[in-house]
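The repeat 'RCC1' annotation in TrEMBL covers 30-86, 189-238, 281-318, 319-375. Summarising the annotation, TrEMBL assigns domain 'RCC1-like' to 32-369.
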Amino acid sequence: MTRPWSSGLSFPRHHHLHSPYQSTTSLEMTTLLSFGSNGSGQLGLSHQEDVSSPSLVFIPHPSSTLPSSVAQIAAGGNHTLLLLTNNQVLYSGDSHNNNKITPTFTPPPLPTPPPTPIRSISATWSASQIATPSQIWVHGHGTKGELALGSGITLATSFQPIPNFPPSNTTIVSISASMSHAVAVLNNGQVYGWGAGRKGQLGPEPSPAVSSPRLVSCPFPVVKALCGKEFTLLLGPPQTGEFLVIGSDKFGIKSNAPSDLKGWKDAGASWGSVILLKEDGSLISWGRDDHQQLAPSDIGPVEKIAVGSEHALALTRDGKVLAWGWGEHGNCGSLEENNKERANVIQIPDEYNLEDQEVTALGAGCATSWIAFEKRR
């Protein structure tokens, strides 16, 4: 068992559509490496041992590479979802079904035909969510309304649709989740949430369990939402810098927030902190820092970020992958080799022969880290 997580995501620049597992050329293949906590096989390495060096993810494809680019990575307490740009979803780790462990990436129990087009994925501690523009499908376990299937429903052994959602004349833009609550952003700028709400992370009416999506009020149109352990961050368009943090103010997540966030490019939430990437490559962060979770100030311009439960990854504009924060399970690389710097430079093993490839996506979860590579264009 590992410590729970907060979703950490980063998106690739290249998108190529292919049917699942079809034969593709090396120019179109993605190599995925993972490291960190792996007690339930959530790293997809075909074993259940923690690793501190980036290791080749086992993929059910003849070349051991993904048949399409990585669009999103979502990680729960002991499981991981991959969304590929060919609309395929893969799953590894705790299956939430009679304690069955799947230590390699395989297709999850989706309905037939599968939902399409899949726009976003997310995960709570022990549940998974898959969103198309018109539907959210949920799978797993949750006692605080994490499944949003109605009062008293705490288990879904296969993916089930959240009933009566989204509202008429709206579509789903994205979903986000943390340990025990989730939110969805709609195309009209509204946000709906469900799951644990005792700290006000789903709005001003605290509730220990919100078992169906409810509107989260916000004074401006929301384009992105993030979930921490006991808070939710709502972001307006980058040009306005508007934002709202609701829920607990633990670690000063509300009271120590900046006055505005103009020019943001991407953002991620850990359990108790926020890290935001601006268009100029600089990082802004606030919140919990007892394990150096906040962004270092001396790493130079950054291109991509991914934020996990208590750690983060960054791709610098000069091509380095850095990690910082709580790294007990190896998710920040080998601490013995990099114990003098706040941010570790992640070393890619030579055996993978990735010199002619570039990083196209990062992921960070519950003490888990991910780096995706593709051939340089």
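Here, residue 1 is simply the first one shown, and the rest follow in order.
Using N, Cα and C of the backbone, Cβ positions are placed for all residues, glycine too.
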Averaged pLDDT, computed only over the residues in the repeat 'RCC1' (319-375): 91
Secondary structure composition of the repeat 'RCC1' (281-318) [DSSP: H/G/I, E/B, coil]: 0 helix, 17 strand, 21 coil
Helix-strand-coil residue split for the repeat 'RCC1' (189-238), DSSP-based: 0 helix, 26 strand, 24 coil
